[in-house]
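The domain 'Cytochrome c assembly protein' annotation in TrEMBL covers A:89-295. The annotation domain 'Cytochrome c-type biogenesis protein CcmF C-terminal' is assigned in TrEMBL to A:315-643. Sequence annotations record features per position, and here TrEMBL assigns transmembrane segment to A:6-29, A:41-62, A:96-116, A:128-148, A:207-229, A:312-331, A:352-373, A:393-413, A:425-442, A:448-472, A:493-516, A:621-640 (among others).
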Amino acid sequence: MIPEVGHLALSLALAVALIQSILPMLGASRGNLAWMRSGQSLALVQLALVAIAFGALMWSFVVSDFSVRNVAENSHSMKPMIYKIAGTWGSHEGSLLLWVLILTIFGGGVALFGANIPDALRARTLSVQGWISVGFLSFMLFTSNPFARLVNPPLDGQDMNPLLQDIGLALHPPFLYLGYVGFSIVFSFAVAALIEGRVDPAWARWVRPWTLAAWTFLTGGIVLGSWWAYYELGWGGWWFWDPVENVSFMPWLVGTALLHSAIVVEKRDSLKSWTILLAILTFSLSLLGTFVVRSGVLTSVHAFATDPSRGVYILLLLGIAIIGSFALFAWRAPAMEGGGLYRPVSRESALLINNLLLATGAATVLFGTLYPLALEAVTGEKISVGPPYYNAAFVPVMLPMVILAGIGPFLSWKRADLGGVLDRLKLVAGVSLVAGIAIWAVTTEGSILAAASIFAATFLLLATVQEWAWRIKLGKAPLSESLRRARNLPRSAWGMSLAHLGLAVCIFGFVGSTIWKSETVAFAEPGSTVEVAGFELTFRGSERVKGPNYEAIRGILDVTRDGKPVTTLYPERRNYTFARSQTTESAIRSTVLGDLYTSIREPADENIRNTWTLRVVYEPLVRFIWLGAALMILGGLVSLSDRRLRVGAPARDRRRGMAAAPAE
Amino acid sequence: MTRLVSLVLIVALGLLPMLARAVEPDEILDDPKLEARARAISANVRCVVCQNEPINTSNAGIARDLRILIRERLKAGDTDQEVLDFLVARYGDFVLFKPPFKPETWALWLAPFVIFAAGGAGIFVMLRRTGQRDTAGPEKLNPAEEEKLARIMQSDNPEAES
Amino acid sequence: MKRILWFLPLIVAVAIGGFALWGLVADRDPSRIPSVLIGRPAPAIALDPVPELGTPGLSTADLTAGGRPVLVNFFASWCVPCKAEHAVLSRLAREHGVTLYGVNYKDKADDARRWLNDLGNPYARIGWDNSGRAGIEWGISGVPETFVIRGDGIVVHRYVGPIVGADAQQEILSALREAGLKEPAS
């Protein structure tokens, strides 16, 4: 019964979405205010209906209703409750429902919190959002119904893939989708603006919080996935440039560019068509990601259960959305340029170059990801594009961007004094250069890329701190004055500093865990010891443990350093009885300086018995990656809180008040 | 099998990686230099039966065979390039995670530079044009624009405060 | 010229869409890699027989000895699909006069002997590739895999996976015939 309610709610949601995609748009073109405002109630009704459907599916998982095929294939009565709930989005159908739920949440958000947006723009935006809803709801109802019943329900389910029964991965899709799908609202705003034929600073201001929210979530989603892979896959790697990773990274890169270019639109009424293009691109790349993951056209670690008919449907949706919006762009955008004047050396130019670098980076990733497919289509030849390509082509493009991120905030709008700024950054540049050279000297291979990365990251870190200190006149004014200035610093400025710091910290993590990584692999019998990075690990033996839906053997490792006990680690090898598969649960001793990462499994050679293959990896600074990402997310949130303050209070007035403050 | 991540939703996928087993203790060479070279090579050789991972981290039987083979060839005195050539002769360019630079891949390798150069040229042209407008044009601003500009300067330029 | 720039995103999107569509509808297996051997001499091979089986081993000279096309099939007793194609291979050898050579890939001699005794042994020669090295020489990614070798020792065709079903048999037969297979008049 409950699943049928869910199914019905989905069908109704499709009907509502259809009306939402037409009525407000029509109202906006005819000037009919009632029709325009219908968009808001329609968006909320649609949200409620999809939420009911989502709740119904979750309920089916929670009570283990195995007459629902989706539940039977992805759950088990013995599965811990948290993973029953997470199982709701653990399959293709369920994750699609989550996708649509988040789409309608953002639509509802614009309906509820968009009071300061003009009626026509809001109506058109919600209509465009309705188009996307129609596409994905129909896709779900026609090809991937999450509520399909089984005629002969099994007694128990097949359980979910054990790799997915993990907290990192339970949270990964919701965050990733909040990012991916969050950009839909930015896309809708862009298309609405194209239809309206008007983009102005006010438009950029309305779009900004949504962009920022989506970007923050996407950052979180990507990092959760990376973190999960790090500890769960038993290998200690956190990024491999796999197609599914790349397709989530591209929207992030372009979204980051959008975040910066929208500032130029907002403050200087310039770069308008470029910003619109980025808004469309960001969501288009999100859609491309959805397509790649669900169609199986690219060979990836995470190939979907491939179904060509689904692939064709998504491609069709994609084609309509992307080609339609780009055609609209080609038609309407040329009329939009205009705006502010600025010199080649200015904040605007710096942001422009930042955008060029980010766009080049995104294009490089796109090229690397799709080139094998294109080459195969043209010549039939198959090639692989992996980490060496991205290290050679992507990283060098990003390094100047990192340095620019350090310099940019010092530049003033319109016309900046580059010489003066560089003069101020002399000390920072010198220290960074020393750091880079030191790294180059101490690493055995003398990796230029690592040294350059450390240089860039140190520069960004110090320059960001210096810029912040300069803003609050730290040391130049009495401390109380500096504190007052720090308090009055706009939240968006705080957000920028935090996010830039986060990027620098991340880079330390990337480099540290790559060049100083040390690894030992050994056969371990009770009593055997291995040594890694100054730690001595003694394998005391193994014991059986039993979980709710798995049995495991866990190794006991005593860790000492210089003879003093440090900790005891328990890496596990789990056998999930119902899902009939095994996982490796690493045991990690994590400190800021580095992670001691251990995992065990059976030797590959079947003739070797009564022993374990013990893998111990020391990854220095790997925590900096998560820490840096957390700083970026914090930066996003802080910046967002600034925007909320501004709702209803025109920024200019508030700023004026601030500027007047020193005179008191 | 692997390392990595999923990004996207892995979740949804039905099939998933087996787990990393990677290099086994009985494969490791006594000579740390050779072993390091072997690791570096096998990190960039794609496992032919796996989805998208290097033989370094794969637990497929053939990946293990190839790891052992690479070590044997290194011991026999092959250079890194000779080992890679040996593999390419049997499995094609597909096994290389770093695609060779040849006519078919020129576009791949040059694309980032071409895109950057084209974008850079575009920006250069644009900046020069606005620059000219800027120098030629202050008197063309009407009073309303001047006021607007002044306001923006005042409100957005941190230096204006100081 | 400037006008075209505005259409650039659209053009790029259409191109990507075209490739994506091709990727979906084209008859392709994303995980299959083309063999580099086609049109080249068969890799050197020198394999001992499976111990105590009684079937002779396989060496490079055997491939060209008869001056007629041969079929080289990589198989193993632990490989389930190999069982599926076994009957097909037997019929090709029996009814079409195909010279069938086998490479027993990474198998235990006992298991291989039992497997062949149970199912029958259609192979004229079988090389025992216990280490899997011959497999690597031939660039196989798994078993079963089957190669058609012309009388002059050139590899002309490669089939990945079990040869089952009419299409697969036809594919192998026509490759053999093109390579000069003389079938017994039946």
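Glycine is no exception: its Cβ is also placed from the backbone N, Cα and C atoms.
Note that TrEMBL annotation is computational and uncurated.
Note that the structure is a prediction, hence the values are computed from the model and not measured.
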Applying the under-8 angstroms CB criterion, which one of A:96-116, A:393-413, A:425-442, A:493-516, A:621-640 scores highest with the transmembrane segment (A:128-148)? A:96-116
Applying the under-8 angstroms CB criterion, which one of A:96-116, A:425-442, A:448-472, A:621-640 scores highest with the transmembrane segment (A:6-29)? A:96-116
Near the transmembrane segment (A:41-62), which same-chain residues lie under 8 Å Cβ to Cβ, leaving out any that are not at least 6 residues past its ends? 2-3, 5-7, 9-10, 12-13, 16-17, 19-20, 23-24, 68, 70-71, 74-75, 81, 84-85, 87-88, 94, 97-98, 100-101, 104-105, 107-108, 110-112, 126, 129-130, 133, 146-147
Among A:96-116, A:207-229, A:352-373, A:393-413, A:493-516, which stretch has the most Cβ pairs under 8 Å to the transmembrane segment (A:621-640)? A:493-516
At a C-beta cut-off of under 8 Å, are there same-chain residues at least 6 beyond the transmembrane segment (A:96-116) that contact it? List them, or none. 10, 13, 20, 39-41, 43-44, 46-47, 50-51, 53-54, 57, 88-89, 122, 125-126, 129-130, 132-133, 136-137, 139-140, 144, 146, 173-174, 177-178, 180-182, 184-185, 206, 210, 290, 647-648
Are there residues at least 6 beyond the ends of the transmembrane segment (A:493-516) whose Cβ is under 8 Å from a Cβ of it, and what are they? 238, 402, 405-406, 409, 439, 443, 445, 447, 450, 453-454, 456-458, 460-461, 464-465, 467-468, 471, 594, 619-640, 642
I'm a bit unsure how to read this: which one of A:207-229, A:352-373, A:425-442 has the highest number of Cβ pairs shorter than 8 Å with the transmembrane segment (A:393-413)? A:352-373
